[in-house]
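J.: Grabbed the feature section from TrEMBL, which reads as follows:
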type: BINDING; residues: Lys11, Lys12, Asp13, Leu14, Arg15, Arg141, Val142, Gly143, Tyr144, Gly145, Lys146, Gly147, Phe148, Tyr149; note: ATP binding site
type: BINDING; residues: Leu58, Glu65; note: substrate binding site
Amino acid sequence: MLGFDYESMLKKDLRSHYIRLRDSIPRESLLENSLSIANQVLRLPMRVWRSSYFHLFLPIEEKKEIDTSFLLSVLQGKDKHVVLPKMLDDQRLAHYLLTDSTRLKKNKWNIPEPVEGIEIAPSQIDVVFVPLLAFDQEGQRVGYGKGFYDRFLAECRPDTIKVGLSLFEAEKRIEDSEDTDVPLDYCVTPKRVYSFPME
Ligand SMILES: Nc1nc2c(c(=O)[nH]1)N(C=O)[C@@H](CNc1ccc(C(=O)N[C@@H](CCC(=O)O)C(=O)O)cc1)CN2
Ligand SMILES: Nc1ncnc2c1ncn2[C@@H]1O[C@H](COP(=O)(O)OP(=O)(O)OP(=O)(O)O)[C@@H](O)[C@H]1O
């Protein structure tokens, strides 16, 4: 059994459950599922593919995060501008354009980040792919709980399209969503694309 069988769940319980579940995935299925996610992303609607600035995260391999290199190839194949986050000290993110000369270096959390480059303002970003531990049928999400993405998404334009990427399917309801939580517009899993609000 993958999900929980309750009507609603607390973020902290979802966090520990999905961290454990992710840990147990064999590398081979992680790669296979990451490839399926890149293929499902192609099924996102036109308004996504009309956009030009796409924000993507690079995975913490040690934590079995989704391998976004397949998705990166898709975006580059479509000549999209790709923007990567870099963690700053004060729980904020800076954002840099990925170019041929971008040097990447792992930070202390093992996240590959641009060393330097052309900084991009959140208001320039059209689509954000959001890393998740869990999400629900209302498009609410659970991350590591430090609020990096909540703060970042609040700085983006209201029409910036927020697309979660998840190895697992939606939970019914996250009980303790807060006002500062920015909901997703879409979530892509290896099996399907969710659109929020759901029918
Ligand atoms: N690949 C990737 N990049 C990303 C994120 C992500 O989830 N995945 N983020 C999404 O937000 C931001 C970084 N988020 C982070 C959140 C918490 C910790 C951290 O403090 N980890 C400690 C303690 C965890 C704990 O509270 O127990 C640790 O791992 O030891 C690090 C990075 C930006 N870049
Ligand atoms: N716009 C904001 N400004 C200041 N603090 C914020 C903002 N958004 C969220 N926070 C704070 O950040 C913390 C983490 O929030 P939450 O538990 O929703 O994290 P999460 O969504 O799981 O993680 P993440 O955003 O890192 O992926 C909370 O204490 C929340 O109050």
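Any Cβ shown, glycine's included, is placed from N, Cα and C.
Give me the structural setting of these features: burial, nearby parts and distances.
T.: Arg15 (ATP binding site) counts 17 other C-beta atoms within 10 Å of its own C-beta, drawing on all protein chains shown.
Neighbour list (Leu58 (substrate binding site), Cβ cut-off 8 Å, at least 6 residues apart, same chain): Thr68, Leu84, Leu104, Ile111, Pro112, Glu113.
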J.: So if I take the binding-site residues (Lys11, Asp13, Val142, Lys146) and measure from each Cβ to the nearest atom of ligand 1, which come out below 6 Å?
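T.: Among the binding-site residues listed, those whose Cβ sits under 6 Å from ligand 1 are Lys146.
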J.: For Lys146 (ATP binding site), list the number of other Cβ atoms lying within 10 Å of its Cβ atom.
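T.: Taking all protein chains shown, Lys146 (ATP binding site) has 10 Cβ neighbours within 10 Å.
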J.: In terms of DSSP three-state secondary structure, what is the assignment for Val142 (ATP binding site)?
T.: strand
